[in-house]
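Asker: Below you'll find the structure I mean.
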Amino acid sequence: MLQVLANLQSLMRRVLKISDGIEHMGGVRWELAMCLALAWFICYFCIWKGPKSTGKVVYVTATFPYVMLLVLLIRGVTLPGAFDGIKFYLYPDISRLSDPQVWVDAGTQIFFSYAICLGCLTALGSYNAYDNNCYRDCIMLCCLNSGTSFLAGFAIFSVLGFMAYEQNVPIEAVAESGPGLAFIAYPKAVTMMPLAPLWACLFFMMLIFLGLDSQFVCVESLVTAVVDMYPETFRRGYRRELLILGMSVVSFFIGLIMCTEGGMYVFQLFDAYAASGMCLLFVAIFESICIGWVYGSDRFYMNIEDMIGYKPVFFIKWCWMILTPGICAAIFLFFLIKYKPLKYNNVYTYPDWGYGIGWFMAMSSMVCIPLGMIWMIWKTPGTFSERIKKLTTPSKDLKMRGKHAALSPYAANDAKLKADGKISTISEKETHF
C-alpha cells in the first residue's frame with residue numbers, strides 16, 4: 001500500500017509537477033507537450049487518406065492489444081496469489097445491487113464502453129455497403145466488447161492478487177488504491193515480476209495503441225460529419241486533408257492546456273463534464289424518441305429489413321419506443337438528483353468559476369438539441385401545426401434499394417461528390433441514412 005502511494009506521489013510531483021489548484025496553472029510540461037504533439041502527428045498521417053489508410057493501421061493498433069492482453073493474462077494467472085485476485089473479481093458484493101448509484105454507474109459505463117451517442121459508430125458505419133448486415137455487426141460488437149472487458153478483468157486482477165500477496169495486504173487495499181489501476185497499481189505490480197522492464201514496456205505499448213485507436217475513430221467521425229454536411233466544399237482536391245490538419249492543430253493547442261502544471265485539474269473537468277455520462281444520456285433520450293416515435297419504429301424496422309434481407313427480433317421495436325428512452329430518462333434524472341460537485345482526488349474543491357466552465361462544456365452539447373428544434377420550427381413556413389407536421393414527416397429522398405425497393409425506387413442519379421470532384425453513386429462509397 002505504501003509503495004503504491006509512493007508511486008502516486010512520484011506521478012504527481014515528478015512527472016506532472018501538479019500545482020496546488022486550477023488557479024495556479026503554472027508552465028507547460030514540455031515532455032508531455034512533445035508526447036501530445038507526437039500523438040497528433042501519428043493520428044494525422046494515419047487518417048488523412050480516409051478509412052482505407054486507417055484500416056491498414058488498425059490491423060496493428062487493434063490486434064496488438066489483444067495479443068498483449070492474452071500474454072499478460074497467461075503471465076498473470078501463473079503468479080503466486082493470482083487466484084485470490086481472480087476470486088475477488090468473480091465474487092461481487094451482491095448487497096451493492098440495492099444501491100441505485102451502482103446502476104447509474106453501470107449505465108453510464110455502457111455508453112463509454114460502446115461509444116454510444118458519440119457519432120463514431122454512425123460515421124464509420126456510413127462507409128459500409130447498403131446491404132451490409134448491420135444487425136449482425138451490432139450483436140458481434142456488443143459480444144466482442146463485453147467479452148474483452150471480462151477477459152481483461154482476469155488479466156488485471158490476477159496481477160493485483162500477486163501484488164497483494166507480495167505486500168501481504170488484502171486485495172481490497174490494492175484494488176482501491178490510487179486514482180486508477182492503469183497508471184498506479186498495475187504498473188507497480190508489473191515491476192515485481194521477473195523481467196519487469198519487458199512486461200512494463202509491453203503493457204504501456206498496449207495502452208498507447210488503445211489510445212491511438214480511440215483517437216483515430218473520434219477524429220475520423222468528426223471529419224466524416226463535417227465533410228458530409230458540406231460535401232461540395234470538402235470533397236475537392238486536398239481540402240479534406242487540410243480539414244484534418246486544422247482539426248489536429250486546434251486539438252493539440254486545446255490539449256496543451258492539460259500539459260501545464262495545473263493541467264490535471266482541467267483534464268478532470270473535461271472528463272467529468274464534456275461528453276460525460278449525463279450528456280450522453282440526454283442525447284440518447286432524444287435519439288431514441290426520434291427513431292421510435294418521430295421517424296417511426298415500423299419504418300425504421302422496415303429500413304433495416306430492406307438492408308439486411310430479413311426481419312430482426314421484433315422486441316427491438318419496443319426497445320426503441322419504450323425501454324431505451326425510459327431507462328435513459330430514469331438514469332438521467334437520478335444523475336441530476338444525486339449530483340455532487342466534482343472534487344479532484346476527493347480532496348481538492350474547484351472554485352465556482354471552475355464548475356461554471358464544466359457546466360458550460362456540458363450544456364454546449366445538450367443545448368444544441370432544443371435550440372436546433374426551436375430554430376427549425378421558427379424558420380419553417382406555415383402555422384405551428386403545419387410546421388410540426390412538416391418537420392416530423394420523413395424526407396421523400398430516403399429511398400430503399402433492397403426487397404422494399406418497389407415501395408421507394410432508387411434513383412440512379414442519387415450521388416455524392418468524391419474527393420477528386422467527380423460524381424459517384426452512393427453505393428460505390430458510402431450509404432448515409
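Yeah, the Cβs are placed from backbone N, Cα and C, and that goes for glycine too.
A TrEMBL annotation is a machine prediction, not a hand-curated record.
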Asker: From S113, S126, S158, grab the residue that TrEMBL records in the same Na(+) site as N145, L210, D213, S214.
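Answerer: Looking through S113, S126, S158, the residue TrEMBL assigns to the Na(+) site is S113.
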Asker: Are there 3 or more C-beta pairs under 8 Å linking the transmembrane segment (139-165) with the transmembrane segment (59-83), counting only pairs at least 6 apart in sequence?
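Answerer: Between the transmembrane segment (139-165) and the transmembrane segment (59-83), which are separate recorded stretches, there is contact, as judged by 3 or more close Cβ pairs.
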Asker: Can you list the residues of the same chain, besides S113, N145, L210, D213, S214, whose Cβ falls within 8 Å of the Na(+) site's Cβ centroid?
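Answerer: Leaving out the recorded residues gives A115.
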Asker: Which ones in the same chain are close to N145 (Na(+) binding site), with CB under 8 Å and 6+ residues apart in sequence?
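Answerer: Once residues fewer than 6 apart are set aside, N145 (Na(+) binding site) is near S113, Y114.
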Asker: Take a look at 103-127, 139-165, 197-230, 242-267, 273-295 and tell me which one has the most Cβ pairs under 8 Å to the transmembrane segment (28-47).
Answerer: 242-267
Asker: Could you tell me what the rest of the chain brings near the transmembrane segment (273-295), counting residues at least six beyond its ends with Cβ under 8 Å?
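Answerer: Tertiary neighbours of the transmembrane segment (273-295) are 104, 107-109, 111-112, 116-118, 317, 320-322, 324-325, 328-329, 331-332, 335-336, 342, 358-359, 361-362, 365-366, 369, 392, 394.
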Asker: DSSP secondary structure for S113 (Na(+) binding site), reduced to helix/strand/coil, please.
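Answerer: S113 (Na(+) binding site) sits in a helix per DSSP.
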Asker: Which residues of the same chain, at least 6 past either end of the transmembrane segment (197-230), have a Cβ under 8 Å from a Cβ in it?
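Answerer: Distant Cβ neighbours of the transmembrane segment (197-230) are 39, 42-43, 46-47, 51, 54, 57-58, 60-62, 64-65, 68-69, 71-72, 75, 115, 118-120, 122-124, 126, 182, 186-187, 190-191, 240, 243-244, 247-248, 251, 432.
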